[in-house]
Every structure is written in C-alpha cells, then in structure tokens.
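Undergrad: Please read through the structure below; I'll follow up with questions.
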Amino acid sequence: MDNSKFSPDSHLTLPLLASGRKKRWSYSSLVFSLFFFVPLLLSLPLPTTFIALQLSAYTVFVALYIFAINSPVNRLPLFLTALIAIAYATSINNPGGAIIFGFIAFIVGYYYPLKKGLSFVLVIALSLFLLQFFVLDTPGFFLVAAAINTIVLFGFGAMERRETQFQLKETEQAKTLSTLSAIAERERIGRDLHDVAGHALSSIALKAQLADKLLEKSEISLAQQEVKALAQLSQSLLSDIRHAVSDIKHLTLRDEIAKSSAILKEKTSTLLLRYRMILSKT
C-alpha cells in the first residue's frame, strides 16, 4: 500500500494508551517516575512535613497520570492542566519534579498532532528556562534534565502516534480489500448461477412444451420420456447450483495479502519485460 499518501494526523481514532499492547508499557513506565525522589534522597535529612508534601504530590501525579491514559482526548485538557500544575509546584522545591514533564510530553506527543505538540513543548521549555533563571537557585540541573526529558519523551510519543496511525490505516485498508474481494466473489457466483440456471431453465421450458404437445396428441410414452428428462435436468440444475455456491472461497487477510502481492509481482515482471524489449529495440 502507499503510505506516502497517508497523513499521520488523519481522522483515525487512536486507541487509549491504557489499552491493548500499550497498556503494559504505559503502566510499567511509572517505574521511571521514581527518579522524582533522587534529589530528595541526595538532600537528606529533610523536614518530615516537606517529605510528606512531596509524597502526597507524587501520589496525586500517579493518580492523574492513570486517569489521563484511560481518558478520551476530549477529557485530556483537564488532566494535563492538573499534571502541569503538580509538575511546576513540585519542581520549585524538588528538581526531581522535572520527570513529570516527560510523562506529560509523551501523552501530548501521542494524542495531539505534531504542530500542536511542538508548540506545547516549546512553551514548556521556555517556562522552565524562566523558572530556572528567575525562581530556582539550582545550578542548571533542573533546566537541563527537564528540557532533555521533555523533548525526548515528546519525540517517543509522536513516533508512537505515527506508528499506531499507520497500523490503523493498514487494518482499514485490509478490511476494505477483504470487502471488495467478497463482493467480487459474490458477483462471480451470481454470473455462474445466471449462466447455469439460464441454460438449464431454457432446456426445461422446451422439454415441458414438448411434453405438453405430446400429451395433446395422446403420445403418452413419449411424453413420459420428456417428463423423465425434465426430472434429470432439474436434478442436474440443483447439483450445479450447489457446486457453484460451495465454490465460495473464504480468504483470510493473509491470503488476501499473498494474492495481492502475487498479482503485483506478476504485473511488475510484465512491465519490466516490456521495458527491456523497448530498450533492446532502441
């Protein structure tokens, strides 16, 4: 199929990040969110209240993230706004909060078109830059970690979006191919039935007319022969119809792809042969 004509930002509805094969990765990726606690561990001892607040914020982040990956696109802005607020609130006192921006960036990269996603990443990067130089006192760790983490994970999200949309497009085209094949098969069977039944019914009509004429002339023996011939023709017609219907081929997707590939190779070989013949003549 021609993927070059497929826009990655097409109308196809993306599956949720918490569904199908994406579910395991989406949940297991929370392991990386434990980097949230690295700066805290390196800064021990810390006040108990501060640690409790950070633990509470992390718990809220995990809950919001789970809600976000289980929600449709039209409900995402609410959860993304809350996640961004948590990320900024924790990052002011804990550079490990930068990890939250990466999770947000991945969700945005997956669910939103590339232009919107890039605009979001640029705004976040700019805000982090301002936060680093006008609010935080850390020597660049927060800005570098947050920027790299956000950009990289946004890229992963965008690639996952593109790959998923191509898979959806391929599935859609395969279904269309299967439907067209079934329609063509039904049309072929219809033509076969028309030919078989038309010929047999014409013969039956002639035999019936002949038997009627023979009965009018009181030629009972000959009329009986024609009636027997009618019975044989009817049985033959019924057998032919059953054979035509039983000849339906139920092709799987793999069979359809194999058949299409074989046809494509045959056409390609023919074109190459003609091209070589033209070159040899010139």
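The backbone N, Cα and C atoms fix where each Cβ goes, glycine too.
Found this in TrEMBL, in case it helps:
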TRANSMEM  25-44  transmembrane segment
TRANSMEM  50-69  transmembrane segment
TRANSMEM  76-92  transmembrane segment
TRANSMEM  98-113  transmembrane segment
TRANSMEM  118-135  transmembrane segment
TRANSMEM  141-159  transmembrane segment
Undergrad: Taking contact to mean three or more C-beta pairs under 8 angstroms, with sequence separation of 6 or more, is the transmembrane segment (141-159) in contact with the transmembrane segment (25-44)?
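TA: Contact between the transmembrane segment (141-159) and the transmembrane segment (25-44): absent.
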Undergrad: Same chain, outside the transmembrane segment (98-113) by at least 6, Cβ under 8 Å from its Cβ: which residues?
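TA: Result: 9, 14, 17, 29, 32-33, 35-36, 61, 65, 68-69, 73, 76, 80, 83-84, 86-87, 90-91, 120-121, 124, 128, 142, 145-146, 149-161, 164.
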